[in-house]
Ligand SMILES: O=C(CO)COP(=O)(O)O
């Protein structure tokens with residue numbers, strides 16, 4: 001069975017000192033969490049110091065982005081080797097903020113995914129529709145297109161170990177959560193799409209998270225849905241207490 005992954009996405013929050021203090025507090029609060037994987041995707045400058053704090057804990061680290069080239073003249077970018085060198089197991093690829101604010105395209109994300117797999121980093125690929133797309137009924141086409149474009153040329157053996165995060169853009173940072181039923185409906189559709197693109201084994205193995213205003217008070221009903229394998233948490237991952245409640249949702 002799939003182990004749920006509760007991952008915090010801190011976005012552009014926390015200096016090194018703040019990051020270290022938070023994980024120091026978090027580690028005791030989640031130490032007894034069973035049957036759940038825990039990760040924090042932190043700003044790149046925080047990761048080196050955090051790596052020392054989370055050694056010998058059940059907290060894994062993730063980067064929020066990386067470039068697909070090995071090295072070279074790409075000012076301000078992070079290579080896969082750099083991400084690994086600070087202890088990251090995961091990397092978020094294609095968050096809607098990267099797509100919308102920084103203009104990342106599906107073609108670029110496909111290259112980033114391939115680089116993650118080539119370097120043994122588990123990508124968390126974000127997909128999801130805007131409010132307009134939901135209201136016009138284009139939500140399924142949008143998500144299917146994003147999947148097909150991002151996964152183009154990627155083997156089933158890689159896909160089964162990756163993570164997908166369904167994040168409806170209208171639910172991010174707005175306090176508007178998709179209802180558990182809306183999230184389940186789309187995540188089930190995503191799993192069926194993976195089955196069509198690959199096979200049933202791959203679709204049953206891949207972890208698919210929900211993200212968008214997940215809080216301690218709504219995580220339980222979200223996690224009660226059969227196809228939802230965890231959460232990608234923004235705002236509520238910034239405080240140890242609220243994130244630990246999400247991790248310890250059972
Ligand atoms: O974008 C998100 C996680 O990647 C969700 O953010 P919020 O939990 O703040 O809505």
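Glycine residues also receive a Cβ, built from the backbone N, Cα and C atoms like all the rest.
Here TrEMBL flags 95 as active site, electrophile. If you look up TrEMBL, you'll see 167 marked as active site, proton acceptor. Sequence annotations record features per position, and here TrEMBL assigns substrate binding site to 9, 10, 11, 173, 213, 234, 235.
Features recorded in TrEMBL, as mapped to the structure shown.
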{"residue": "9", "record": "substrate binding site", "DSSP class": "strand"}
{"residue": "95", "record": "active site, electrophile", "DSSP class": "coil"}
{"residue": "167", "record": "active site, proton acceptor", "DSSP class": "coil"}
{"residue": "173", "record": "substrate binding site", "DSSP class": "coil"}
{"residue": "213", "record": "substrate binding site", "DSSP class": "coil"}
{"residue": "234", "record": "substrate binding site", "DSSP class": "coil"}
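The 6 Å Cβ screen around ligand 1 retains 173, 213, 234, 235 from the binding-site residues 10, 173, 213, 234, 235, ordered by sequence position. Apart from the site residues 9, 10, 11, 173, 213, 234, 235, the chain places the Cβ of 172, 233, 236, 237, 238 no farther than 8 Å from the centroid of the site's Cβ atoms, the recorded substrate location.
Listed in sequence order, the binding-site residues from 10, 173, 213, 234, 235 having a Cα within 10 Å of the Cα of the residue listed as 'active site, electrophile' amount to none.
Long-range Cβ proximity for residue 9 (substrate binding site), meaning a same-chain Cβ under 8 A and a gap of 6 or more residues, is found for 41, 64, 92, 95, 211, 232, 233, 234, 237.
Rounded to a whole number, the C-alpha distance linking residue 10 (substrate binding site) with residue 167 (active site, proton acceptor) is 15 angstrom. In this structure, of the recorded positions 11, 95, the smallest number of CB atoms within 10 A of the CB marks 11.
When the record's substrate-binding residues 9, 10, 11, 173, 213, 234, 235 are compared pairwise by CA position, the greatest distance found is 14 Å.
Long-range Cβ contacts of residue 167 (active site, proton acceptor) within its own chain (separation 6+, distance under 8 Å): 95, 96, 126, 127, 128, 210, 211, 212, 232.
Note on residue 213 (substrate binding site): other Cβ atoms within 10 Å of its Cβ, all shown chains, come to 21.
Minimal Cβ crowding within 10 Å, among the binding-site residues 173, 234, 235, is found at 173.
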